[in-house]
């Protein structure tokens, strides 16, 4: 794919509007993970160093569109940026019809406070475009949404280009999906086959080995004729699991950790017992890979040249159910393969064991990451490609 890049543009003295994904989790107004903001900061610094007058826009949360909601304000993000950059980053309210600011870097209040954002309204997008000489799309995490601040504005801005973060995401995913070094091992976890079926289909066509974890693995365990007790699985998708197994090499749990506790009783004091998948009882629930499966997956990763990871192998939020995910995560971190990881739960697992700097590329995208892996066109990237041809 060919898009214009921010690094190739003359930004000196220009008004540069940058769309970032600063949709961070908040707890009582306090940011609980700054990963997305930290990932965006190099782009902001690069634009400032190039002499640009920078305005940053983002969404946060799911407020009712067109209505101000203090709980969805980007004020905590502006405060964090100010602290991190050592300069005041003003938060600009009511900016859509133009604003005045002396600062070289401002944060525009939540784009979702503008009516028409979600429907990609042309009139709104034109107002956004009027605020800049150069529009920079740098929010991979929202690239799968055709909205005014991700797609529409790129249609109308004088210049529309990809920022360093977006470019790096596309480059990293391209290394996995276009011409990967082989063997390519894809690890897909999560709770349900149904929510990841298109991903499983897509990666089964390019991966040398497909490893499944979590509730997805449970459905495959059942497809092999095993009792799965009270485990989360999808009986109606057993034929799909069997089809995938016939299509490619699929690795799923042959031993598991189980508990007899109901999920409402799970705690950090819970206990899980390891056993063969063929020995699961009707009153037991699978919560993790068993040690043999985890070791087998780690060995597969050790021999890989490329690793794609999306989704945990068990209920890693509880330490008693986390061993499988930890073994796999550490194997990826220690591997010499090019590795890319994406998805919210995957990032949480990486954070849990502080492994981010040992993964080749950690994607900030959730839905966008999955849609790209599925081979879908991302609207925000497609419009940048169109503009690059013009």
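Each residue, glycine too, has its Cβ placed from N, Cα and C.
According to Swiss-Prot, the protein carries these features:
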{"type": "BINDING", "residues": "21, 22, 23, 36, 59, 60, 61, 62, 112, 145", "note": "substrate binding site"}
{"type": "BINDING", "residues": "196, 317, 343, 344, 345, 346", "note": "ATP binding site"}
Shortest C-alpha distance to residue 317 (ATP binding site) - which of the binding-site residues 21, 23, 59:
23
In terms of DSSP three-state secondary structure, what is the assignment for residue 345 (ATP binding site)?
helix
List of residues, in chain order, with Cβ under 8 A from that of residue 343 (ATP binding site) and at least 6 apart:
190, 310, 311, 363, 366, 369, 370
Where's the emptiest Cβ shell within 10 Å among the binding-site residues 21, 317, 345?
317
Tell me, by DSSP, whether residue 112 (substrate binding site) is helix, strand or coil?
helix
Rounded to an integer, what is the Cα-Cα distance in Å between residue 61 (substrate binding site) and residue 344 (ATP binding site)?
15
About how far apart, in whole Å, are the alpha carbons (Cα) of residue 112 (substrate binding site) and residue 344 (ATP binding site)?
22
Tell me the Cβ contacts of residue 196 (ATP binding site) under 8 Å, same chain only and six or more apart in sequence, or just say none.
188, 190, 216, 310, 311, 370
Cβ neighbours of residue 346 (ATP binding site) where a neighbour is any other Cβ within 10 Å:
25
